[in-house]
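This report concerns only the one structure given below.
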Amino acid sequence: MSWTQPALLTCLLVLSAITLFDGADSAVSDKRDAVNPQGALRKIFMPEADAASFFKRRSRRAVKTQDEINAEQRQRLAADERRREYHEEQRNKYENYAEEENDEQDERTREKTEQWREFHYDGLDPSYEYNRHTI
């Protein structure tokens with residue numbers, strides 16, 4: 001029970017301080033703020049007349065202007081160029097990889113052939129097996 005009295009007294013002091021000072025008015029929004037939005041809200045929302053004419057300016061079936069057609073064509077061409085460059089780069093990477101693999105395979109084959117020749121060498125040049133004279 002001893003802690004309830006100081007807690008109650010503290011709550012009353014805080015409540016009286018809030019009601020006496022004008023700083024509490026800033027937490028409440030005024031009607032004029034809603035009428036005149038400022039900052040980010042002004043960028044998001046537009047007047048009703050502009051919003052109505054926004055969709056009237058160009059409907060879905062309206063013909064595109066030449067500038068719009070040219071801009072879309074430039075975007076398409078740029079995308080095609082990026083795609084072409086990407087595929088060319090991938091093809092070059094694969095060709096380099098395949099060439100290195102073939103070179104390594106050729107090297108392994110050459111080494112194995114040399115080892116086989118050294119193992120089967122009989123002292124004759126060319127080797128006796130390949131230089132037989134038929135009688």
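Glycine is no exception: its Cβ is also placed from the backbone N, Cα and C atoms.
Computed from a predicted structure; not experimentally measured.
Marked as coiled coil by Swiss-Prot on the basis of sequence analysis: 64-114.
Positions annotated as compositional bias 'Basic and acidic residues' by Swiss-Prot: 65-96 (among others).
The feature compositional bias 'Acidic residues' is assigned by Swiss-Prot to 97-106.
Look at Swiss-Prot and you will find 107-123 (among others) tagged as compositional bias 'Basic and acidic residues'.
According to Swiss-Prot, the feature 4-carboxyglutamate maps to Glu68 (among others), an assignment based on similarity to another entry. There are 11 other Cβ atoms within 10 Å of the Cβ belonging to Glu68 (4-carboxyglutamate).
Within the same chain, residues at least six positions away from Glu72 (4-carboxyglutamate) with a Cβ under 8 Å of its Cβ are Lys64. What Swiss-Prot lists as 4-carboxyglutamate is Glu72 (among others).
The 4-carboxyglutamate annotation in Swiss-Prot covers Glu81 (among others). Counting every protein chain shown, the number of other Cβ atoms lying within 10 Å of the Cβ of Glu81 (4-carboxyglutamate) is 10.
Annotation source Swiss-Prot lists 4-carboxyglutamate at Glu85 (among others), citing similarity to another entry. Using a 10 Å Cβ-Cβ cutoff, Glu85 (4-carboxyglutamate) registers 10 neighbours. Following the DSSP three-state reduction, the secondary structure of Glu85 (4-carboxyglutamate) is helix.
For Glu88 (among others), the entry in Swiss-Prot reads 4-carboxyglutamate. For Glu88 (4-carboxyglutamate), the count of additional Cβ atoms within 10 Å of its Cβ stands at 10 [all protein chains shown].
Summarising the annotation, Swiss-Prot assigns 4-carboxyglutamate to Glu89 (among others) and lists similarity to another entry as the type of evidence. Long-range neighbours of Glu89 (4-carboxyglutamate) (same chain, six or more residues apart, CB within less than 8 Å of its CB): none.
Taken from Swiss-Prot, the feature 4-carboxyglutamate applies to Glu95 (among others). Residue environment of Glu95 (4-carboxyglutamate) contains 10 other Cβ atoms, counted within 10 Å of its Cβ in all protein chains.
Annotation comment: Swiss-Prot describes Glu99 (among others) as 4-carboxyglutamate, evidence class similarity to another entry. Taken residue by residue with DSSP, Glu99 (4-carboxyglutamate) is part of a helix.
Residues or ranges marked as 4-carboxyglutamate by Swiss-Prot on the basis of similarity to another entry: Glu104 (among others). Taking a C-beta cut-off of under 8 Å and a sequence gap of six or more, Glu104 (4-carboxyglutamate) has no contacts in its own chain. A helical conformation is recorded for Glu104 (4-carboxyglutamate) in the three-state DSSP classification.
Within the same chain, no residue at least six positions away from Glu107 (4-carboxyglutamate) has a Cβ under 8 Å of its Cβ. Residues or ranges marked as 4-carboxyglutamate in Swiss-Prot (evidence: similarity to another entry): Glu107 (among others).
For the recorded site, Glu111 (4-carboxyglutamate), the DSSP three-state label reads helix. Residue density at Glu111 (4-carboxyglutamate): 10 other Cβ atoms are found within 10 A of its Cβ, drawing on all protein chains shown. Annotation source Swiss-Prot lists 4-carboxyglutamate at Glu111 (among others), citing similarity to another entry.
As annotated by Swiss-Prot, 4-carboxyglutamate applies to Glu114 (among others), with the evidence given as similarity to another entry. Spatially close to Glu114 (4-carboxyglutamate) yet at least six residues away along the chain is no residue at all, judged by Cβ distances under 8 angstroms.
The shortest Cα-Cα distance between Glu95 (4-carboxyglutamate) and any of the modified residues Glu68, Glu81, Glu85, Glu88, Glu111 is the one to Glu88. Counting only the Cα atoms, the space from Glu111 (4-carboxyglutamate) to Glu85 (4-carboxyglutamate) is about 39 angstrom.
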